[in-house]
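One structure is given here, and the rest of the page talks about it.
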Amino acid sequence: MIILGAFSVFGVPNPVLSAVPLIVIVCITAFKDALEDSRRTATDLEVNNQVTHVLKGIDNPNFSGEQISLWRRFKKLNSKVLFALIRRIKGQADVDPLAEDMVHPRQSIDSFDFRRSMQIEANRDTFTNESTASLADPFSDANEVTADKFALKMKPFTAPPSSPVAFNGTPAFKKEYWKNIHVGDIIKLKNNDQIPVDVVILASSDSDAACYVETKNLDGETNLKVKQSMKCSSASIKSVSDLGRCKFWLDSEGPKTNLYSYQGKLNYYANGDERDEVCNEAVTINNMLLRGCSLRNTKWVVGLVVFTGDDTKIMLNAGITPSKKSRISRELNFSVILNFILLFVLCFISGLVNGIYYGRDNTSREYYEFGTIAGSAVANGIVSFFVAVILYQSLVPISLYISIEIIKTAQAYFIYSDVKMYYKKLDYPCVPKSWNISDDLGQIEYVFSDKTGTLTQNIMEFKKCTINGIPYGRAYTEAYADIRRRQGIDIEEEAAREKKEIQEDKVVMIDLLREVSVGELSKDIPNELTFISKKFAQALNGQAGDSQKLACENFMLALALCHSVLTEKSKKDPNKLELRAQSPDESALVGTARDVGFEFLDRTKKGVILNVQGIEKEYQILNILEFNSTRKRMSALVKIPSATPGGEPTALLICKGADSIIYSRLSDENDPELLEKTALHLEQFASEGLRTLCIAQRELTWTEYLTWQKRHNIAAASLENREDKMEDVASSIERDLTLLGGTAIEDKLQDGVPESIQLLARAGIKLWVLTGDKVETAINIGFSCNLLESGMNLLIIKTSGEDVEETLGKEKWKTLQGDKSRVVGALIEQYMMQYFGLTGSMDELIAAKNDHTPPSGAFGVVIDGDALKLALTDKHRINFLLLCKQCKAVLCCRVSPAQKAAVVTLVKETLDVMTLAIGDGSNDVAMIQAADVGVGIAGEEGTQAVMSADYAIGQFRYVTRLTLVHGRWSYKRLAEMIPIFFYKNVVFTLALFWYGIHDDFDGTYLFEYTYLMFYNLAFTSLPIILLGIFDQDVDDYISLIVPQLYQSGILRQEWTMTKFGWYMIDGFYQSLISYFYPYLMYFKNGIVTESGLPLDHRYLVGALVATIAIVSCDLYVIIHQYRWDWLSVLIVSLSIIIVWGWTGVWSSSLISADFFKSADELY
């Protein structure tokens, strides 16, 4: 439009001024984008220009130099000059970050750290006089074999210093920027350094060839993780010169997103000689340091760079976050198209009428015009069409989108500044990550939530256990209290009595533990002990018999040995060790073993050191088979020395995992009665809302272990399908287990969760819980958090079980012949027909889409992962969705991250509803990204969910305020602001159109051009923006007291095409008033001033029309505004007054030309 206006043929009075609104909008947008870009650039520069140490003096064959173009060199030169000028202005000294600390760099990498080994040796006891105890203790390492003849023999990695193949140069580590690190470089990292790239560890300062990293920036976990150097190189590389005496290369997989998997092979020439044997060692993720981690408790690490920049795992995981656009913004496009159609109609009428007019003869124009601009009637009509496009362009305003951006930015700021959503414990406010979807928060109909860490605190407390068929532990959990409440028990009285008795048992238990322990118990044990069982302490004391005592000791030893926990000295108390675990469950298990006398102290190169009832012992760990979501178990292989000197040792496998996994791997030699008792105890624990695990073991001969170890090494060295092969090897040994017992851990509800869920339900929002927990645990948490209600009929969907057979009936069960897909389909169909009379037809689906009322019946669906996988297939998905829509609560248990996302997508796309997903772990990311609005909780499972979310909060309870208050306000404000914006533009544009009737639409301007320029920019913009930012129909506390107000957003009653149409009609009517009222004032009778000057100039009439339009539009805004405060009234008043002010100021200037002195004549 601006370009067209520059041509005089289109009759724009002042093309320069016509560009002012667009220039202002572009400047505001450019400033906003420049600010964001400058911050991003500053962050990039800060990261790229951090310094690390890179090995120089040895060529890197993977990098042959960088080709820098002349243009890029010119830009770099400009940047250097600019930054130097800025430093000069600020008075900062020029410091070279790459300047060496010493004139002659050290040849040694750094001093070797013997402290850990010295401490181990000083604390290690010899157990030569404890042969009897070692026989009673299957975990004892009293007769440790000093030299393991079965240890892996590694060929020398480096050449001797005097070897002729040794490198003759002078390699040295020198400072270098992160941005200049390349694949194949060797870098040195020091303690507390951030890791700039993905590297394979060649050597470390630790005597065990290990190093410790904090992965907080990678996955949010603050615990330390141990990483191992390559065995082949760790013992050989102790100085820089050693790196010049070795020759090696890495066969690596390509860049992949999996943070927990890597497959590679480090190849090297033995003795650093190319004529010698080629050796290799498998590289796993445990041998890698990933970008984003930080080195801790390790003096130095030397590593080989594998991936840099965008190829690093953290950058690949950052990925491209799905671009989300709010529903109103998507529907706004249709409104804009309608306005484009209206604009085309107006312009077509203008062009047509003007063309017809120029085709007539004997008109007044023949006497006043010297020919036509275009030369013919058709050409004049075409020119008039484009003149009309320029004239009526405000009908589709660019400023609307800028106003919406301003409003949404302000709404995001209000959300961030709301102290009622500030979580003091973590110093964490509600952080909007996406600023453009705040109005979607006011239309949410379905909320999908994780359980652990989202509804619960993810702070685990060990409460109960079962050992050798005997249950231990007393606890009065929230879930158990809710069970008792449903049974009609006065839980306040019962809870007070139980808690008093538990405290009494605690005192007795601590006294008994002091009797058993040789050393002193921790002074903090009264506060830290969560496992309260006087009976267990008595069993440890031998009061329940020697066999039960041994069973309890072995059980706790298993907890203390089978884990991946690390210890770290407490910052508050240096004499105290803090546990750093990869999961809160593991920390609770190891912490309880510590509290009852089996304390994990440290890890060594060979294994772990425990303080067993006051005596320090070292246990040699042969292998760790790590836990993952597929295996659902973890195992540790412990070396058991022979009872006779020189005899062959044995190996003990300790395995812990989900009860369903462990029970499927038990030996037939287990006592059936013991298995039944343990299963009943675990079921009872789960019914109280506790998370359960099973502990089992298996004894192996040394020959069996060595045979398995060879297979394990082959699988570990494999480059293809290594994970699958490793799993097959691990699975082969994790069989024929002997059951030791089970544990029960409480994951407490977060504060305010039951009340929040109740509020959401009253607002008409349906909550579905998608969790990886077992069915029983999820059901009881559901009751305790008010998701499930007393008397609710639970519809269980599983693939097998006696209850399923009973539900379907024996005859129907036989016809299904055990086909799991048919079983799931039959259950869904039976529930639909029996309780809701549904058949799954398309008519029922269409009716479900249009029905947004909360379910009326007291029904809830509970489905496990196996059944859900089948329910989501094309054959059953519609029926499953229709069934769930009729139920007040839906619990999906044992589900994978992909299944979570699939459920969200099914509901969102099939029912065409607004969805919100909330979670706290990396397994919730897919679900969060699939939903319309994703909310991440900054909790114990890391920050990956927060990084991927649209909003980040500290606790689940804040989601009620986020949706019911801020979401509702944002939705109502935008739903009112957008149609008013169209209304005011219709008023002004159609007033111009009506004037065209009297000039045959020749493009003559009714208004002085500055009125066109400032109408959207100054005269009517602020009132409508303030409405979008500050308007409130009710206060925040009313929105929470009466959550039913939220249903207008669910039903989408505030923003509809009908409402848009009525506002357009209203604008059409107001345009008639704005134009024809002044017109009729002048019609057939002239109006003159006292001086006799006429007021019939089009600019004078136009000023009056503009004034009426502007005043009516500004008043229209405040009439539709719910909240009238001093600021809104002031801004509306100023916007009206400024019209008269501008008329007076502008008409006083000679630059206004024909408009000069118009204010004097008009007013």
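Every residue gets a Cβ built from N, Cα and C, even glycine.
Bear in mind that TrEMBL entries carry predicted annotations, made automatically and left uncurated.
What TrEMBL annotates here:
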{"type": "ACT_SITE", "residues": "Asp450", "note": "active site, 4-aspartylphosphate intermediate"}
{"type": "BINDING", "residues": "Asp450, Thr452, Asp920, Asp924", "note": "Mg(2+) binding site"}
{"type": "BINDING", "residues": "Asp450, Lys451, Thr452, Glu586, Phe627, Lys656, Arg691, Thr771, Gly772, Asp773, Arg894, Lys900, Asn923, Asp924", "note": "ATP binding site"}
{"type": "DOMAIN", "residues": "946-1157", "note": "domain 'P-type ATPase C-terminal'"}
{"type": "TRANSMEM", "residues": "336-358", "note": "transmembrane segment"}
{"type": "TRANSMEM", "residues": "370-392", "note": "transmembrane segment"}
{"type": "TRANSMEM", "residues": "398-416", "note": "transmembrane segment"}
{"type": "TRANSMEM", "residues": "978-997", "note": "transmembrane segment"}
{"type": "TRANSMEM", "residues": "1009-1030", "note": "transmembrane segment"}
{"type": "TRANSMEM", "residues": "1060-1079", "note": "transmembrane segment"}
{"type": "TRANSMEM", "residues": "1099-1119", "note": "transmembrane segment"}
{"type": "TRANSMEM", "residues": "1126-1146", "note": "transmembrane segment"}
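Overlay of TrEMBL feature records on the structure.
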{"residue": "Asp450", "record": "active site, 4-aspartylphosphate intermediate", "Cβ neighbours (10 Å)": "30"}
{"residue": "Thr452", "record": "Mg(2+) binding site", "Cβ neighbours (10 Å)": "28"}
{"residue": "Phe627", "record": "ATP binding site", "Cβ neighbours (10 Å)": "20"}
{"residue": "Arg691", "record": "ATP binding site", "Cβ neighbours (10 Å)": "22"}
{"residue": "Gly772", "record": "ATP binding site", "Cβ neighbours (10 Å)": "22"}
{"residue": "Arg894", "record": "ATP binding site", "Cβ neighbours (10 Å)": "20"}
{"residue": "Asp920", "record": "Mg(2+) binding site", "Cβ neighbours (10 Å)": "31"}
{"residue": "Asn923", "record": "ATP binding site", "Cβ neighbours (10 Å)": "22"}
{"residue": "Asp924", "record": "Mg(2+) binding site", "Cβ neighbours (10 Å)": "31"}
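Checked against Arg691 (ATP binding site) by C-alpha proximity, the recorded positions Asp450, Thr452, Asp920, Asp924 yield Thr452 as the nearest.
Among 398-416, 1060-1079, 1099-1119, 1126-1146, 1126-1146 has the largest number of CB pairs under 8 A with the transmembrane segment (1009-1030).
Take the Cα of Thr452 (Mg(2+) binding site) and measure to each of the binding-site residues Phe627, Gly772, Arg894, Asn923: the nearest one is Gly772. Candidates Asp450, Phe627, Arg894 (recorded positions) were compared with Asp924 (Mg(2+) binding site); those inside 10 Å Cα-Cα are Asp450. In terms of Cα distance, the binding-site residues that sit within 10 Å of Asp450 (active site, 4-aspartylphosphate intermediate) are Gly772, Asp920, Asn923, chosen from Phe627, Gly772, Arg894, Asp920, Asn923. Phe627 (ATP binding site) sits 20 Å from Asp920 (Mg(2+) binding site), taking the Cα positions as reference.
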